[in-house]
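The structure appears right after this line, and notes come after that.
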Amino acid sequence: MVGKGGYRQINKALNICAFEDYLDGQQKSLPPLNDVEQISPNVLRVLGQNPGKFTLQGTNTYIIGTGEKRLLIDTGQGIPEWADLISSTLANSSIRLSAVLLSHWHGDHTGGVPDLLRLYPHLSDSIYKHSPSKGQQPIEDGQVFEVEGATVRAVHAPGHSHDHMCFVIEEENAMFTGDNVLGHGTAAVELLSTWMATLRLMQSHNCGRGYPAHGEVIPNLNAKISGELASKERRERQVLQHLNRIRKEEQGGKGSATVQRLVVEMYGDTDQQMREQALEPFIDEVLRKLAEDEKVAFQLRAGEKTWFAIALE
């Protein structure tokens, strides 16, 4: 398997777009999205044809600009139907891609690159990504890409992944949020503390709308981000409350709990795949952040981490 930045991560979608809140998000039905839709005068959305429990309606790929030459953000998962859809969409509108901007390395965003290069060899030197792989060009924070009708500014926004980029289209004061902020539910993250700091950075751009990598358009991006931050802070409090109760009630005031136990107590009986691929990694990340804040710690018991509250509240 190719490492970070590679294109053979196609089947690694299980922990890259998962809902954090299973009960509040996963059980809701998702609104249908059109395969191809002009969502603004400057932005055309093309679905990646990879719908699923974790990818929602599929990966959103975006054709940006109003002239013959345009930009493309993300390439989907490598589904042949997406390549056909992109090809017909570009041909029908006499569009020529001048550059491809990848939001991050995950396979449901980079998987379509080989198809693009097969269809459009002129793009071989025009695939851009932060921390680029061989043959790719770098994207730096603040870098600007321009085509007719679109001035797109890159924003380094780690959290969901180390190399994650968002993009601001200045003509609309809108932001392509990648997987940091989704149209429905909440994305999984690599490092919670970094992601939360990044959300505040994203808010500082004061963009109106958000164009996420999964889900429908976000009409009020800053309000959505505020909700995300509040949700994570609430989860931190809940985890700490559970650990405080366990410490008080068990083992003579020295009680502790594994991640698996905390997930069961907080979320109840959930789907095993969702539990193992989304909820347990998320709670583990919450615990790591609480440890950074010196509110919890862990000990090893039979080779397994058990977490406890440092100071009872």
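Cβ from N, Cα, C; glycine included.
Per Swiss-Prot, the feature active site, proton donor/acceptor maps to ASP108; the stated evidence is sequence analysis. Marked as Zn(2+) 1 binding site by Swiss-Prot on the basis of similarity to another entry: HIS104, HIS106. If you look up Swiss-Prot, you'll see ASP108, HIS109 marked as Zn(2+) 2 binding site, on the strength of similarity to another entry.
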Ask   = Which number gives the other C-beta atoms within 10 angstroms of the C-beta of ASP108 (active site, proton donor/acceptor), all protein chains shown included?
value = 29
Ask   = According to DSSP, which of helix, strand or coil covers HIS106 (Zn(2+) 1 binding site)?
value = coil
